[in-house]
Amino acid sequence: MEQYVAGLEQTLQQVIFSNDSNQIKEATKALSTQFFADANCVPALVHIIQASPQKEIRQLAAVELRKQISNWWPKMGEDVRANVKAKFLEIILSEQDALPRHSTARVIATVGRLEIPANTWNELPVFLFQCCNSANAGHREVGVYVIYAIFEITDAFADNLQQLLELFSRTIVDPDSQTIRITTVQALGKIADFIDEDQKQVISMFAELVPHMVNVLQQCLTDKDDESASKCFDVFDSLLVLEAPFLSKHIQNLVQFFMNIGSNKGYESVIRVQGLSFLMWSIVYKKTKLQRLKLVTPIIQALMPIAAEEEPEDSDEDSPARLAIKVINILSTHLPPQQVFPVAMEGILTYMANADPLYRKAAMLTLAVLVEGSVDFIRPKFNELLLIVCAGLRDPDATVRRTACMALSALAEEFDQEIAENHATLLPSVFNLMNETNPEITKEACNALDAILEGLGENVLHSNDHAQGETRAVVVAAIGSAAHASGSEFTPYFTEVMKRLQILMTLRSNDEELMLRAVSTDALGAIATAVGRETFRPYLNDLMNLAMEGLLLDSNRLRECGFYFFAGISQVFEDGFSPYLAGIVPQLIASCQLDENTTQFENDDGDVNGGDDGEDTTDEPNYVFRSAIADEKEVAADTIGELFRHTRSAFLPYVEPSVKELTNLLEHMSEGVRKASSSALFNFVRTFYSLSNCEEWKAGLPVAIPLHDNVAQLNALVLPAILSALESEDDKMVVVQICQELVDTVKLCGPGIVADHIVAIGEHLNLIFEKGAFCQQELADDEGLLDEDEQAEFDALLISSAADLVGALAVGLGESFVPYAKVFIPHIAKYYKKSKPTSERSMAIGCLGETSAGLLGGVTEFTEVIFPIALKGLADEEAEVRSNAAYTVGVLCQNTTLDISSQYPTILTALYPLFQDQNLENATDNACGAVARMILKHPNVVPVDQVLPVFVQALPLKRDHEENDPVYRMLFSLIRSQNSWVFNNMTQLLTIFAEVLSKEDELKPKTRAEMIEIIQALNSQIPALNIGASPLSIYLQ
């Protein structure tokens, strides 16, 4: 045995001290094949840990012993195990060097994981408690560290939590050793993982220790012990995430403490970043508490000065200024905008007037990150915000101009229509920035262009010749974006663009060229959709071959952009794309089958041995998620759906394997993949339906017009799979996507799609309205759900999509939806309150309108609920709400069998302002629809001759052409009944008819045909109208 031990120690020395890589490799191999191949290695390593004079060898021996315990411990005799355990306790007390002592502690923890549950090492807890209570500070340190090490890997001591917390209440204030106090904080962080939220007494004991934990961290900061401080920061961050409310009673003091750390320029940046990180996670996990304690305002006021500090040159390096902006963004997206935006806006205005450009930079960045969570709240203030951004674009300081571009991009992503209306002001400023020499400014300017431009013009085309690297790719992407936005108006630039981009599609030498090739491929797909089939056809085959070649190159990004290209080309060429399917669909399916899991043998620090001691702290390989593959799968799934939609019957041979892969992706870990796969599957159902040439569906259950067998079979596969995935879906936007897809599918395919699943769909919708769906559970914290009036805009989108689905189901099921409407209408109605944001008020009234339209006569029993809300909505301060209210009033008047004609004067009075200078054209269109429906229902109650002059003045409708149906049905009815006002103003009406008939897509076929019949009849009956000499003459044949 002595010879074995000596050989083992010599081999360990070779691993540690040899400079010869071959010798190290041979020594490592010898350890595996000669020494660690039998159980003798355990006592031998213990001997080396106890006896070696070299701390490096003791350290490595302990690391290797920990690995071997799991292999050999169960196979060793009881007497050998008892001897080894006894020696561990001797070694841990006698070891003077920290690293081997810590590694030995982890060996003890590994053995304890096996022995303590079996009650075969009862001496260990007694030993540890004796150490922790020893008068010797070194022994106390050993005791606390071993307990910490045990809780790192096992809950073996979980039955002794109260005893341990009593012990730690003493060690956290150890009078002699900061090391003991720090280790106690670490141990508390590990113990917290094993405390359940129903263990109230234990939680209370733990909470009493929090102020002492803060004191330990403060001492680390005072001592400038950044390494230990980081360990304490990690513990506080981890406590925030846990369900048990360890920190709740201290949250106000904690926020102030960590805010002070983040604000203190005397600390190193890494420390300040960690302080701000706690603030960020407290917003995510304790937002209710922050709101109740009114901490949002002081947090923002503390963050903005930090955001005005200098930033490091390395864009990937965290800094206090960057993290402050990130925290403001988290505030914006997690809290109601009315609590965040006004405070931040006050700071923005003040900072923009500051002579120091760093403050103006902070103002621009703050504005940029506020937009995402505050869209509806800030919409009325858009013009004011745009003036601020324009001032930033013209700022004398380059950094301010760059960040102003970022703010402009943020606004453009959410306010595309408003930005488009201001393009004449914005484009010159952005073009000027693109011509600057500072690459950071040109990059952000290109990003702004990518978000907002309707047409870039020649300046941007030529700018690509001078751009370099990533900026060059951004310019190409901006060209594609411009083509997409400007449509056929891009055609004059097409030839010149093709000269440049076709060359870029051949690049393949390095990663930068592959990136540029990818972006060019994507841009060409957008350009094809802009210029159309005939203009693009001469380039089609060459570019398709280049794009298909790109699929075979080793680049996720290139494949992703290739798929975007194919989707765009299929949209343009439809059946003409069919010859390429055989080469493309297998590649798409292969991308769907890619495996994201890759074995990672190093820890996050790149250290193969891991941990602060250098040992391997993992027993199994660590699997790392590769998001690039997930992105590729997302685009592949979406493209499959698009190819079927556009190539139709040519795609049928690929339906079965595609559906199989798309269904598998419904459970993918990436929410983007889940959204794309569900969208594609619904696309398949809708495309099958359009191919079936089925008779037009009729509302109601049982289904009057059955689905075609192929549609029914596919739906029987798709909908149950999606509904099953919906039950456990934790991402709101995936649920939003599924609701929206169901809306489109029900409206196209009718009640047959949902007939067998209406109960399940109804139950899930009810859960959403009651905020009990799985994806809404993140709203809960240790003190319950947020009040419904305090939902941030992101959560409101989920409710809105659910409401849209309620409306669609009402349309599809008709009066059969009444039992479900009894459940949903009260839910929807509560969202119309003055305190609610515009989006929710608009959603509520819009949904009540859709439901009223769909229920037909079934709406009668809900009239007394819906009518007062719609009437209030007509006087709402927001045009969008007034517009929806007009529609709702109209369809309610049309469908209810309850006589509400006595309310017509009140309704007409409320509708009249909607005909006067409305900013939102939909409002006037929907008011026209409402008046038309009222006249159709009770023509003798409405004072037609007084109403029609105002009504006709608003024709033809400007935007909501769905309302053309009731508007013209009403006019046709009055013409047939020979209404005197109508006949006295027939010339004006015929002019309107001519205008609306000249636009192919504004009238439904039935309405269009009826209008032409009316014109022909008038021509016969009233020759004096001289229709034959008017633009309407073409309809007289």
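One-based numbering along the chain as shown.
Quick reminder: no glycine exception, Cβ is built from N, Cα and C everywhere.
Just so you know, TrEMBL annotations never went through curation; they're auto-generated.
Pulled from TrEMBL, these are the features on record:
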COMPBIAS  602-619  compositional bias 'Acidic residues'
DOMAIN    27-94  domain 'Importin N-terminal'
REGION    600-620  region 'Disordered'
REPEAT    164-201  repeat 'HEAT'
REPEAT    378-423  repeat 'HEAT'
REPEAT    426-464  repeat 'HEAT'
REPEAT    866-904  repeat 'HEAT'
What counts of helix, strand and coil residues does DSSP assign across the domain 'Importin N-terminal' (27-94)? 58 helix, 0 strand, 10 coil
What else in the chain is close to the repeat 'HEAT' (164-201), if you only count residues 6 or more beyond its ends and a Cβ gap under 8 Å? 129, 132-133, 137, 140-141, 144-145, 147-148, 151-152, 155, 157-158, 208-209, 212-213, 216-217, 219-220, 223, 225, 228, 231-232, 234-235, 238-239, 242-246, 782
Per DSSP, the repeat 'HEAT' (378-423) contains 40 helix, 0 strand, 6 coil
DSSP-assigned states of the repeat 'HEAT' (866-904) in counts, ordered helix, strand, coil: 29 helix, 0 strand, 10 coil
Pull the DSSP breakdown for the repeat 'HEAT' (164-201) and write it out as helix, strand, coil residue counts. 27 helix, 0 strand, 11 coil
